[in-house]
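A short worksheet on the structure shown next.
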Amino acid sequence: MLKLDFHPSGRHFLQIPGPSPVPDRILRAMSYPTIDHRGPEFGALGRKVLADIKKIFKTEQPVVIYPASGTGAWEAALSNTLSPGDTVLMFETGHFATLWKKMAENLGLKPEFIGLPGTDGWRQGVKPEMIEARLRADTSHGIKAVCVVHNETSTGVTSDIAAVRRAIDAAGHPALLLVDTISGLGSADYRHDEWGVDVTVSGSQKGLMLPPGISFNAVSPKALEAGRHAKMPRAFWGWQEIIEANKNGYWPYTPNTNLLYGLSEALDMILEEGLDNVFARHQRLAEATRRAVQAWGLEIQCQDPAVYSPVLTGVVMPQGVDADEVRKRIYERFDMSLGQALGKIRGTMFRIGHLGDCNDLTLMATLAGCEMGLQLSGVKLAGSGVVAAMAHLAEAKSTPSLKAAA
Ligand code: PLP
């Protein structure tokens with residue numbers, strides 16, 4: 001048996017930007033016995049989660065649920081809507097935008113990757129005016145889809161999806177809008193219908209507080225129509241058969257029953273707290289984190305305050321400090337996992353996750369671990385981030401707690 005004795009006392013602090021800690025209530029729900037996935041109880045479970053997940057995406061349209069990680073749902077979005085050789089316009093916001101672009105290449109699409117030069121784009125959100133300019137120049141409408149990441153998990157930068165929609169409309173271009181909100185859903189405000197998104201891709205292991213293993217495609221009528229003509233080979237990912245079976249709460253194959261128990265519980269938790277309260281809680285914790293980073297005298301990876309992520313904060317190390325060494329020290333001394341910097345910014349910063357099942361004291365412990373780890377690593381700090389974050393949390397209005405309401 002695998003020996004899990006690496007955190008002998010207290011809880012491990014899983015402060016990476018997903019997978020996020022799974023609350024006990026969800027763990028317990030997932031421990032119910034597995035049932036017949038073609039029986040009546042399963043149908044009721046399926047119908048419930050399929051209806052409730054729409055409230056989180058803010059859509060009246062179908063949301064397809066896959067027993068797969070987010071990468072699978074990326075592939076589903078592309079393969080259901082496009083044909084081999086199609087040009088897709090993708091925007092380089094960071095590592096995950098880059099991986100999605102590589103996938104498009106592997107699938108035989110022709111991605112055009114635009115963005116700011118070097119690593120500059122990895123500190124900014126999508127520039128809708130660049131998308132508009134490129135689409136205006138595409139008078140033959142060769143570009144079939146625009147693909148953007150809503151919350152770039154590798155950097156802690158969000159993008160204004162409504163503005164991307166406006167850019168596409170202003171150019172009078174028929175391209176589909178495909179959006180990855182794998183790490184934004186359930187933490188940052190997201191509106192599939194209102195923002196005119198054609199396919200929204202998401203996953204279970206971030207704001208939804210579930211283990212990895214479920215992913216989603218929310219699908220617009222325009223995307224469904226595109227799917228009828230799209231020639232990309234697809235079998236497992238095909239929407240039509242799944243949506244048909246979903247009408248009665250079932251899937252055309254064996255779904256991951258126990259993760260769906262967990263999803264049902266997670267949706268209850270989020271809807272009980274209220275989506276707006278969930279978003280406000282994330283904003284509040286993110287602001288406290290940023291105040292800590294500023295008090296330390298360190299830089300935040302995101303350079304544009306208008307698009308700071310409510311999910312995670314990237315903390316840039318001073319020249320000559322290896323962020324991975326700092327993370328290692330914090331892991332070994334304080335039993336806390338922080339996110340590493342990915343791709344072309346590897347080693348330059350670390351990422352603090354403040355998403356999902358996180359409250360004021362979870363965050364304070366997290367920031368204390370960071371502050372001690374930075375000091376132990378010899379990083380000269382301008383002041384105490386812990387004190388700055390505490391001051392913010394003590395002053396800033398908290399969202400209504402269920403205890404206060406009782
Ligand atoms: N897109 C974003 C923004 C992500 O954060 C991730 C994973 O962290 C992915 C895509 C890939 O999802 P997965 O690792 O679940 O396949």
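Positions of Cβ are set from backbone N, Cα and C atoms, glycine also.
Record features, source TrEMBL:
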type	residues	note
DOMAIN	36-297	domain 'Aminotransferase class V'
MOD_RES	Lys206	N6-(pyridoxal phosphate)lysine
BINDING	Arg351	substrate binding site
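Between the recorded positions Lys206, Arg351, the minimum number of other C-beta atoms within 10 Å of a residue's C-beta occurs at Arg351.
Taken as a whole, the domain 'Aminotransferase class V' (36-297) shows an average pLDDT of 98 in this prediction. Looking at the residue listed as 'substrate binding site' and Lys206 (N6-(pyridoxal phosphate)lysine), their Cα atoms lie 14 Å from each other.
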